[in-house]
Amino acid sequence: MNRKMKKQLQEFTFIMPALVMFAIFVAYPFLQGFPISFTKWDGMSPNKAYVGLKNYIRIFQDANVMNAVKNTLLFTAVTMVFSNLLGLLFALMISKKSKLNNVLRTCIFMPYCLSLVLSSYIWRYVYSDVFYDKFGIASPLGSTTWVMIGLAVISVWRDAGYCMVVYIAAIQGVSKDYYEAAELEGATSWQKFKAITFPMIAPAVTANFTLLLAWGMKVFDYPMAATAGGPGRASETVAMLIYNNLFTYFKAGYGQAIAVVFTISIFVVSTLVSKTLRAREVEI
């Protein structure tokens with residue numbers, strides 16, 4: 001076995017646990033659920049009625065699916081953009097090593113250590129008992145117009161710290177020689193950021209945007225814990241709709257059909273976004 005093959009085998013060994021977990025918890029359930037998506041089944045009885053493509057056709061005619069897609073896309077767009085913007089801003093402000101910056105990093109990162117459900121409960125209290133009782137500001141969680149924005153704020157508060165850590169690591173990896181050369185040319189702070197910092201941390205931007213996109217598309221915990229999909233169905237996401245069809249309405253076949261379409265959609269969108277951002281890295 002030559003040196004190159006040994007290195008490839010070693011690299012494969014490192015990712016083997018992740019591949020096994022993916023196969024057990026993602027690939028296998030998906031393959032098991034795919035045949036069910038062509039049936040009418042309540043999830044418990046031994047009898048499954050084959051209905052062909054009816055479940056898939058129904059998806060594109062169901063107003064509840066369109067509503068869930070709209071809510072999911074709004075949540076994803078807000079969290080993906082603002083988590084990255086705040087994370088990058090914090091990283092630029094406190095990337096230099098100092099005791100104060102270490103404390104600030106810890107404080108900003110701490111919300112990410114909380115579970116999604118606990119974060120939802122904390123902000124449900126903040127919205128109702130702090131905003132309303134202290135300042136008379138109505139909770140956005142009770143508004144059909146603002147509920148998804150209110151939930152997105154929770155996600156941004158929690159995930160901005162994660163983005164910050166990734167960006168700090170990328171910024172600290174940029175050689176100081178570039179900045180020294182730029183200073184000799186009389187470059188301003190903005191010019192240095194535009195010409196040096198941002199291009200050099202482009203891989204971190206790609207990683208964060210792709211990850212936040214996937215997290216946002218499959219959001220379930222925030223609306224389930226904070227609003228249970230309400231008011232009405234104003235905060236019902238696609239993941240919640242799948243859950244409700246499977247375990248509340250006992251429409252396992254239809255729920256599986258939505259899950260199949262949703263899983264494929266996430267894979268396609270994430271791949272396209274990742275490739276687009278990586279192409280930008282090459283251009284830089």
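Using N, Cα and C of the backbone, Cβ positions are placed for all residues, glycine too.
The transmembrane segment annotation in TrEMBL covers 12-31, 73-94, 106-126, 146-174, 195-215, 253-273.
Between the transmembrane segment (253-273) and the stretches 12-31, 73-94, 146-174, 195-215, the greatest number of Cβ pairs separated by less than 8 Å involves 195-215. Of the two recorded stretches, the transmembrane segment (73-94) does not lie close to the transmembrane segment (12-31), with fewer than three CB pairs under 8 Å once pairs fewer than 6 apart in sequence are set aside.
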